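S.K.: First the structure, which I've put down as structure tokens, then a few questions once you've had a look.
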Amino acid sequence: MPWAAGRRWAWITLILTIIAVLIQAAWLWLGTQNFVFSREEIAQLARQYAGLDHELAFSRLIVELRRLHPGHVLPDEELQWVFVNAGGWMGAMCILHASLSEYVLLFGTALGSHGHSGRYWAEISDTIISGTFHQWKEGTTKSEVFYPGETVVHGPGEATALEWGPNTWMVEYGRGVIPSTLFFALADTFFSTQDYLTLFYTLRAYARGLRLELTTYLFGQDS
């Protein structure tokens, strides 16, 4: 019936309007934030260690980040490598810093993997320490290959196909509405792997980052 179709379109219009308002509010909120890190800083630091054994590179990077940003990098006893299954790929991450608007983490795969990048309300950049990163952007017919020392940037709302070779490791920086990225990162837990222990590890790592930021904000860097 015409009235039913009109009502359905009214609901669709309302939902799209709400989504548009939420997106605008999110970006206005981001515009008021004082960020701790920058994409350029993380990329420059990671490039210094590109080509090294990834474990050595990561340990040196962590020391340098703590020196430059005291009170914003998790202590060694709270660092944990956690599996990530999302978009058809599998990797592992270690969160160094996390807030509502930023994160810094170590990421990679020992075996190689490929899948969908996801779409985010955030900009994500990866600077490669070892291995290869293949990216096929939406709307194109050719892929690109990135090597150690190079940075791959994934803009807000973008989607790509990606593939990592065996023993590919990188440093990742994200800026945007960070809680929104968890929906993609955790979806496979509910609909595929049902690995709820990894879900717990992931949420605990993010909660630790939020707690550290709150503690530093309230009591200063030496708390």
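Placed from the backbone N, Cα and C atoms, the Cβ positions cover glycine too.
Bear in mind that the values here come from a model prediction, so they are computed numbers and not experimental data.
Features from Swiss-Prot:
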| type | residues | note |
| --- | --- | --- |
| REGION | 2-8 | region 'Targeting to endoplasmic reticulum-associated lipid droplets' |
| REGION | 99-106 | region 'Important for ligand-binding' |
| REGION | 177-223 | region 'C-terminal hydrophobic region' |
| SITE | Asp126 | site 'Important for ligand binding' |
| SITE | Glu172 | site 'Important for ligand binding' |
| TOPO_DOM | 1-9 | topological domain 'Lumenal' |
| TOPO_DOM | 31-223 | topological domain 'Cytoplasmic' |
| TRANSMEM | 10-30 | transmembrane segment |
S.K.: Whole-number Å distance between the CA of Asp126 (site 'Important for ligand binding') and the CA of Glu172 (site 'Important for ligand binding')?
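M.R.: Between the Cα atoms of Asp126 (site 'Important for ligand binding') and Glu172 (site 'Important for ligand binding'), the distance comes to 4 Å.
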S.K.: Would you mind listing, in sequence order, the residues at least six apart from Glu172 (site 'Important for ligand binding') in the same chain with a Cβ closer than 8 Å to its Cβ?
M.R.: Met93, Tyr103, Val104, Leu105, Leu106, Phe107, Ile124, Ser125, Asp126, Thr127
S.K.: Including all protein chains displayed, how many Cβ atoms other than that of Asp126 (site 'Important for ligand binding') lie within 10 Å of its Cβ?
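M.R.: For Asp126 (site 'Important for ligand binding'), the 10 Å Cβ neighbour count is 28.
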S.K.: In terms of DSSP three-state secondary structure, what is the assignment for Asp126 (site 'Important for ligand binding')?
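M.R.: Reduced to three states, the DSSP call for Asp126 (site 'Important for ligand binding') is strand.
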S.K.: According to DSSP, how is the region 'Important for ligand-binding' (99-106) divided among helix, strand and coil residues?
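M.R.: Result for the region 'Important for ligand-binding' (99-106), in helix, strand, coil order: 0 helix, 5 strand, 3 coil.
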S.K.: In the region 'C-terminal hydrophobic region' (177-223), how many residues does DSSP assign to helix, to strand and to coil?
M.R.: 40 helix, 0 strand, 7 coil
